[in-house]
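Visitor: Attaching a single structure in structure tokens format; questions to follow.
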């Protein structure tokens with residue numbers, strides 16, 4: 001029986017007593033008093049019984065009664081139990097609690113001081129890392145996030161940013177290159193934001209059909225350059241654009257090769273440099289969009305792909321509908337990282353299958369023709385080039401080995417065997433002593449070398465240390481000779497900028513003789529080789545040659561609205577083509593900046609550059625251990 005239940009009973013009893021007293025007023029006084037005493041005694045007994053019932057049966061009745069009769073609160077009742085010795089223990093406990101509070105307060109002050117000394121982007125990244133850690137602990141090892149991606153413990157590889165050079169002249173030149181990047185980027189922001197590229201003369205946006213209706217090629221291509229040059233505000237602006245505007249759900253045909261090296265490569269690099277999850281997610285989304293390109297009888301991918309329908313085809317001009325060596329052979333680095341970051345082995349399986357197809361084929365004189373039919377699995381026209389159509393295939397054989405922490409022995413063998421065939425069949429020396437790499441067409445040599453081929457000096461230098469049979473010195477000599485030839489192709493022009501192609505016949509050396517080979521479109525390959533040669537030799541001439549290129553770019557390519565290519569490097573004054581290529585920000589300016597940086601800035605033992613100069617981390621051997629499936633170093 002609760003208190004609320006008893007209240008009506010008490011009120012009824014009292015009413016009954018009062019009513020009786022009123023009724024008895026007309027009776028004799030003596031009989032009334034005796035009856036009244038009996039009734040009062042009965043009521044009092046009932047009240048006493050009620051109180052004792054409340055003490056023993058009502059919940060928390062002891063607290064209620066102590067509050068009513070002794071005026072002490074429930075809190076006091078709970079805390080004032082026990083003996084005096086209990087009180088002493090309580091006092092000691094209070095002192096320990098106060099000491100812990102003081103210690104935690106001091107620790108918080110130290111952490112706050114450390115935090116205030118960090119850059120805003122570092123603070124944001126620390127917060128994100130803590131969130132990722134909590135998420136990982138909540139999901140457990142091997143868990144998935146909201147996008148069904150494996151939870152990755154992000155660890156930034158060494159050398160993402162560097163220190164200012166100690167040499168004053170080098171520091172000044174490095175700052176100049178950063179100013180060039182800022183001018184190119186600011187011009188793009190002002191006149192072409194969101195477009196793929198900039199028209200710096202007409203000061204408007206420009207879009208190539210290579211990207212279909214995907215937008216923002218310059219933004220994605222420039223992300224890592226902005227980060228490497230510590231242009232963090234611009235990097236954050238670009239990140240926000242990627243998060244809100246970069247969309248791959250388009251009904252358009254794109255170049256698988258170009259979208260891979262610029263967009264996938266750029267997003268992967270931005271993720272590894274900054275740790276921002278948006279880049280990992282976008283890279284994987286785009287990678288999944290590209291997978292239908294491999295739906296051919298051989299698994300050799302199409303050159304062009306409609307991202308919505310998944311229907312692919314090859315360039316109509318490419319030797320009877322063939323796939324191109326430099327295109328299908330330049331997916332390996334990005335797709336291996338896509339598998340690592342997504343947990344989906346399909347990406348790696350696709351590119352490893354390409355090797356299986358190539359291994360089954362006979363190579364004419366050990367060379368790889370530029371054309372391969374994806375339906376029959378047979379070579380097309382026997383045209384071999386280390387420049388356009390072939391170049392980055394060889395580059396990716398070497399870099400696949402390096403990126404695997406030198407565990408991909410197949411990639412290593414394929415590279416050095418191919419390099420030996422190139423040296424034997426394509427590498428020649430002019431009468432003037434210039435080493436060049438010719439092109440091979442149906443067994444006949446064409447003695448021309450493209451600007452694109454000039455990357456080979458850097459490639460050969462990068463691989464020289466791992467060369468078989470003590471060929472390291474020989475290959476470094478080859479690399480230096482190619483760098484010299486490519487420098488001569490610049491030095492022998494009026495504008496001191498290199499032509500698209502140059503020849504070694506008809507009494508000329510390292511000079512373009514055809515009008516369609518005289519243009520310069522801000523290409524990076526010669527600067528790339530200078531950067532590698534500087535890193536491996538520290539010969540000051542490579543920095544001087546790089547600075548010559550900087551001066552020529554400033555004098556002839558810088559216009560009011562950015563940087564433009566020129567149509568004829570032999571003309572006395574430049575005729576601008578009105579395009580600021582996205583690779584100018586991704587490659588040319590980045591390689592120049594690294595040429596004048598210390599060697600610990602993106603060191604080669606930790607980073608490998610894709611063919612668009614996007615740095616990707618070496619996948620360390622320990623990362624492949626079964627007990628560390630999702631750790632990146």
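Just so you know, glycine gets a Cβ as well, placed from its N, Cα and C.
Heads up, TrEMBL stuff is auto-annotated, nobody curated it.
Below are the features listed in TrEMBL for this protein:
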ACT_SITE  258  active site, proton donor
ACT_SITE  391  active site
ACT_SITE  500  active site, proton donor
ACT_SITE  525  active site
BINDING   611  Ca(2+) binding site
COMPBIAS  135-147  compositional bias 'Basic and acidic residues'
COMPBIAS  164-173  compositional bias 'Basic and acidic residues'
DISULFID  454-486  disulfide bond
REGION    135-173  region 'Disordered'
TRANSMEM  38-58  transmembrane segment
Visitor: Please name which of the recorded positions listed here, 391, 454, 486, 500, is nearest in space to residue 258 (active site, proton donor), Cα against Cα.
Guide: 391
Visitor: With DSSP helix as H/G/I and strand as E/B, how many residues of the compositional bias 'Basic and acidic residues' (164-173) fall in helix, strand and coil?
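Guide: For the compositional bias 'Basic and acidic residues' (164-173), the helix, strand and coil counts are 6 helix, 0 strand, 4 coil.
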Visitor: Quick check: of the recorded positions listed here (391, 525, 611), which one has the Cα closest to that of residue 454 (disulfide bond)?
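Guide: Result for residue 454 (disulfide bond): the nearest of the recorded positions is 525.
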Visitor: Using Cβ atoms only, which residues of the same chain lie under 8 Å from the residue listed as 'Ca(2+) binding site' while being at least 6 residues apart in sequence?
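Guide: The residue listed as 'Ca(2+) binding site' has long-range Cβ partners 261, 265, 330, 391, 392, 395, 396.
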Visitor: Give the sequence-ordered list of residues that share a chain with residue 500 (active site, proton donor), lie 6 or more positions from it, and have CB atoms under 8 Å from its CB.
Guide: 450, 451, 512, 516, 517, 518, 519, 520, 521, 523
Visitor: Cα-Cα, whole number of Å: residue 486 (disulfide bond) versus residue 525 (active site)?
Guide: 9
Visitor: Counting across all protein chains shown, how many other Cβ atoms sit within 10 Å of the Cβ of residue 258 (active site, proton donor)?
Guide: 19
